[in-house]
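Copied from Swiss-Prot, the annotated features are:
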| type | residues | note |
| --- | --- | --- |
| ACT_SITE | His239 | active site, proton acceptor |
| BINDING | Gly11, Ala12, Ser13, Gly14, Asp15, Leu16, Ala17, Lys18, Arg45, Asp84, Val85, Lys147 | NADP(+) binding site |
| BINDING | His177, Lys181, Glu215, Asp234, Lys339, Lys344 | substrate binding site |
Amino acid sequence: MSSKVIVTIFGASGDLAKRKLYPSLFRLYQSGNLSKHFAVIGTARRPWSKEYFESVVVESILDLADSTEQAQEFASHFYYQSHDVNDSEHYIALRQLQAELNEKYQAEHNKLFFLSMAPQFFGTIAKHLKSENIVDGKGFERLIVEKPFGTDYATASKLNDELLATFDEEQIFRIDHYLGKEMIQSIFAVRFANLIFENVWNKDFIDNVQITFAERLGVEERGGYYDQSGALRDMVQNHTLQLLSLLAMDKPASFTKDEIRAEKIKVFKNLYHPTDEELKEHFIRGQYRSGKIDGMKYISYRSEPNVNPESTTETFTSGAFFVDSDRFRGVPFFFRTGKRLTEKGTHVNIVFKQMDSIFGEPLAPNILTIYIQPTEGFSLSLNGKQVGEEFNLAPNSLDYRTDATATGASPEPYEKLIYDVLNNNSTNFSHWDEVCASWKLIDRIEKLWAENGAPLHDYKAGSMGPQASFDLLEKFGAKWTWQPDITYRQDGRLE
């Protein structure tokens, strides 16, 4: 059913809006989820006209449109207001424009606000939305905020309090685009729609879980931002722990947003808080030095533009989380994430316990691999007999990949997540309880590192991280399942 809504985007001139938001809204328009009864108000400091704003929107969607006319018709629903987030008069003008558009498009007073700006402006915007009576209790009123949601627990808590002065928790949608990816959402299907997995998805059968977010790129033009953030804040506090919660949660009573969210929150509340000594042993950090991949030489992190040449910011982090629940108590959830690694990819490996062998030789563990990007799909390794006269065993892989046609037809993450917000489905968004629990644990690791309580390991560009990451798993009697650097070295592609 087509949504009736006025969407207001704060930060409408920014890169995210052009690359993600306008194309996602257009796909919703093409699919009929947005039709006649919607309008988009773009706000930013730049003094754009409506005509110029429309041209920006058309340019961002032209490759997706069936015709120029279709793109222009969609863009005609867009309106622009030059806006200073600190100026009350600008909010009064925004309220008047919203009222006019609500009447013109018969949007039934439904409002969606998207804060595509730096978090330090979130509280100011929320305060003015209430004081200038833009949030007036008529129709639905929902707020989407981009990460990062704070830089630690204290800033996140302050930000949350500022938003709660205007919006209820149920109205706030903290977006994490990774949760909009098709295969992450398919984890529910793999787990709960297949008896062979759900019955063994516990500490009795699973030895360890491995989560890898690998990037081949360096920090690129984000050096200034990244040097103040680092891999732990940038990737672990949100993406990694959100993915972990989907893997570790108990089966919800029903497939509803409230039941799913309740089970996810339980995982965050059950995250084991290590002792100080365990923190030093279970979490490592690294920083890339120069290296060569496929004949291309890459500079070290400290040589990147806008990066402190003596920086101690981590570009790689690895560790072991534990969930103190009946289902997974004692099972390590290993993670690693880093820049300038061998190959781009997001993989989850569920490593099952090894069976006692009756064949006189050790058996390889069964491994379920979930491929999230760049390819989507999953594989399951099983032990089988090798072809030949002798009875020799070898692991075989049952492999499935989503074909390009299906992948191309599936919604983009932002499209799916905006669709969810329009339909008041908060399943794939972070509740404050999740954010709170994750920051409290991440803050302890950050504090240890800030006090130089753990070494900063270096690793060569093109590798899969420092040796300490591999040593960490060995301490638990495990090893990383995905090691593309081995093949690259064998092929002479790494130096």
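Glycine is no exception: its Cβ is also placed from the backbone N, Cα and C atoms.
Everything Swiss-Prot records as a feature, shown here on the structure.
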residue	record	DSSP (3 states)
Gly11	NADP(+) binding site	coil
Ala17	NADP(+) binding site	helix
Arg45	NADP(+) binding site	coil
Val85	NADP(+) binding site	coil
Lys181	substrate binding site	coil
Glu215	substrate binding site	coil
Asp234	substrate binding site	helix
His239	active site, proton acceptor	helix
Lys344	substrate binding site	coil
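Cα of Ser13 (NADP(+) binding site) to Cα of Lys339 (substrate binding site): a span of 28 Å.
Among the binding-site residues Gly11, Ala17, Arg45, none has a Cα sitting within 10 Å of the Cα of Asp234 (substrate binding site). Under a cutoff of 8 A between CB atoms, and with a sequence separation of 6+ in the same chain, the neighbours of Lys339 (substrate binding site) are Glu215, Leu217, Gly218, Val219, Ala231, Tyr288, Tyr301, Thr315, Phe316. When each of the binding-site residues Asp15, Ala17, Lys181, Asp234 is scored by how many other Cβ atoms sit within 10 Å of its Cβ, Asp15 comes out lowest. If you take the CA of the residue listed as 'active site, proton acceptor' and look 10 A around it, the binding-site residues you hit from Gly11, Arg45, Val85, His177, Lys181 are His177.
Residues His177, Lys181, Glu215, Asp234, Lys339, Lys344 are the ones the record ties to substrate, and the longest Cα gap between any two of them is 20 Å. Between the recorded positions Arg45, His239, His239 has the most other Cβ atoms inside 10 Å of its own Cβ, all protein chains included.
Each residue contributes its Cα atom, and for Ala17 (NADP(+) binding site) and His177 (substrate binding site) these two points are 14 Å apart. You'll find the Cα of Gly11 (NADP(+) binding site) roughly 24 Å from the Cα of Lys181 (substrate binding site).
Here His177 (substrate binding site) is positioned 15 angstrom away from Asp15 (NADP(+) binding site), judged by their C-alpha atoms. In the three-state DSSP reading, Lys339 (substrate binding site) counts as coil. In this view, the densest Cβ surroundings among the binding-site residues Gly11, Ser13, Val85, His177, Lys344 belong to Gly11, judged by other Cβ atoms lying within 10 Å.
In this structure the residues listed as binding NADP(+) are Gly11, Ala12, Ser13, Gly14, Asp15, Leu16, Ala17, Lys18, Arg45, Asp84, Val85, Lys147; their two most distant Cα atoms lie 22 Å apart. Separation of the C-alpha atoms of Lys344 (substrate binding site) and Arg45 (NADP(+) binding site): 36 Å, rounded to the nearest whole number.
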